[in-house]
Amino acid sequence: MALNLRKNHQILKIINDALIDLPAPSNISTWWNFGSLLGICLITQIVTGLLLAMHYTADTNLAFSSVAHMCRDVQFGWLIRNLHANGASFFFICIYLHIGRGLYYGSYLNKETWNVGVILLLTLMATAFVGYVLPWGQMSFWGATVITNLFSAIPYIGQTLVEWAWGGFSVDNPTLTRFFALHFLLPFVIVGLTLVHLTFLHETGSNNPLGIPSDCDKIPFHPYYTIKDILGFVLMLSLLVSLALFSPNLLGDPENFTPANPLVTPPHIKPEWYFLFAYAILRSIPNKLGGVLALAASILVLFLTPLLHTSKLRSMTFRPLSQILFWTLVANVLILTWVGSQPVEHPFIIIGQLASFTYFTIILVLFPLAAALENKLLKL
């Protein structure tokens, strides 16, 4: 009998075990689509980014003009740029929904997968930040100045660290050059981490909405989840193309259409929308080092979630108190996002401080307490 190449060839076997014959729970919902959507986002960003890099010039005198030239004179350059800029937004929408799914259904109990995922989030944030600097508009320049300056809050080595990152005494040509190099490199680091993420995931298998073992009822990934993922791809890419064609600048800052000028500070420096919640937490603490620590903690707190799981049930499906807290946390993050886009004045300062306090309280205190209470109420 002839060997089945798909199951015996060294390389095809890996693909087969990950995408075709992978045993998957029979009841995973659309919330499990976002992992594959993130993969498509990554591929889209690498392809469009590579095409943009072919026309971009990483020099302070030419960067802004090279981006304008791309949009005017390169075949479909405007489309490639708009897909790349808005693709970043979709990347973050998908990753936040993916993390939300993980928190709700207790997927963080696959500790290795979860920890690699948090590292992936941090790498993605770094990539998006250095990428935003490249067009060398006003918000690019001032965003780079403000955020890199935060490292100067680190005691003793802070100022040296910042000047080392800048390659001089201010954000200038060396900074832009190294940011371009990093922006080119980091997506490939993300690809590597994604493979590690998947390797750990396939050790344990996927979680499911009930949060119970699903070994007794598994179905092959292909054709069931391949077709389901393709539907997700079509829907997300349709939305991305629609945004890029109809309203490409909806999520951008008009300030970035002005070339960078170190002598003119924009009236309100703010990052892209997907960083606003963390920016609001940073701003809500009146001390520089305290703000930087809170900013770091807002993401690093995700590493603690597996340790703070006190419930005897994995998922929140049967835990109404935790559900209320979860949706309060979601609303809270949306409030932080809105506050981050507002000027630093009353009442936004106090709203931001309350929302920041609530963010950490829900994750670090209320989630474990509610879960322990539910154990009692459900007599577990």
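Each residue, glycine too, has its Cβ placed from N, Cα and C.
Going by Swiss-Prot, these are the annotated features:
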{"type": "TRANSMEM", "residues": "34-54", "note": "transmembrane segment"}
{"type": "TRANSMEM", "residues": "78-99", "note": "transmembrane segment"}
{"type": "BINDING", "residues": "H84, H183", "note": "heme b b562 binding site"}
{"type": "BINDING", "residues": "H98, H197", "note": "heme b b566 binding site"}
{"type": "TRANSMEM", "residues": "114-134", "note": "transmembrane segment"}
{"type": "TRANSMEM", "residues": "179-199", "note": "transmembrane segment"}
{"type": "BINDING", "residues": "H202", "note": "ubiquinone binding site"}
{"type": "TRANSMEM", "residues": "227-247", "note": "transmembrane segment"}
{"type": "TRANSMEM", "residues": "289-309", "note": "transmembrane segment"}
{"type": "TRANSMEM", "residues": "321-341", "note": "transmembrane segment"}
{"type": "TRANSMEM", "residues": "348-368", "note": "transmembrane segment"}
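The structure, with features from Swiss-Prot marked on it.
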{"residue": "H84", "record": "heme b b562 binding site", "DSSP class": "helix"}
{"residue": "H98", "record": "heme b b566 binding site", "DSSP class": "helix"}
{"residue": "H183", "record": "heme b b562 binding site", "DSSP class": "helix"}
{"residue": "H197", "record": "heme b b566 binding site", "DSSP class": "helix"}
{"residue": "H202", "record": "ubiquinone binding site", "DSSP class": "helix"}
Subject >> Count of other CB atoms lying within 10 Å of the CB belonging to H197 (heme b b566 binding site) >> reply: 21
**OP:** Tell me, please, if the transmembrane segment (289-309) and the transmembrane segment (34-54) are in contact, taking contact as 3+ Cβ pairs under 8 Å between residues separated by 6 or more positions?
**Re:** no
Original post:
Could you tell me the C-alpha distance between H84 (heme b b562 binding site) and H202 (ubiquinone binding site) in angstrom, no decimals?
Top reply: 30
Original post:
How many Å lie between the Cα of the residue listed as 'ubiquinone binding site' and the Cα of H98 (heme b b566 binding site)?
Top reply: 17
Original post:
Between the stretches 34-54, 78-99, 227-247, 321-341, which one has more Cβ pairs under 8 Å with the transmembrane segment (348-368) than any other?
Top reply: 321-341
Original post:
Is it the case that the transmembrane segment (227-247) and the transmembrane segment (34-54) have 3 or more CB pairs under 8 Å, with pairs at least 6 apart in sequence?
Top reply: yes
Subject >> Most Cβ pairs under 8 Å with the transmembrane segment (114-134), selected from 34-54, 78-99, 179-199, 321-341 >> reply: 179-199
Original post:
Do you know offhand how many angstrom separate H197 (heme b b566 binding site) and H183 (heme b b562 binding site) by C-alpha?
Top reply: 21
Subject >> Cα separation, H183 (heme b b562 binding site) to H98 (heme b b566 binding site) (Å, whole number) >> reply: 23
Subject >> For the transmembrane segment (179-199), distant same-chain residues with Cβ under 8 A (at least six beyond the ends) >> reply: 18, 38-39, 42, 45-46, 49, 53, 56, 58, 113, 116-117, 119-120, 123-124, 126-127, 130-131, 133-134, 144
**OP:** Note down the number of other Cβ atoms within 10 Å of the Cβ of H183 (heme b b562 binding site), including every protein chain shown.
**Re:** 22
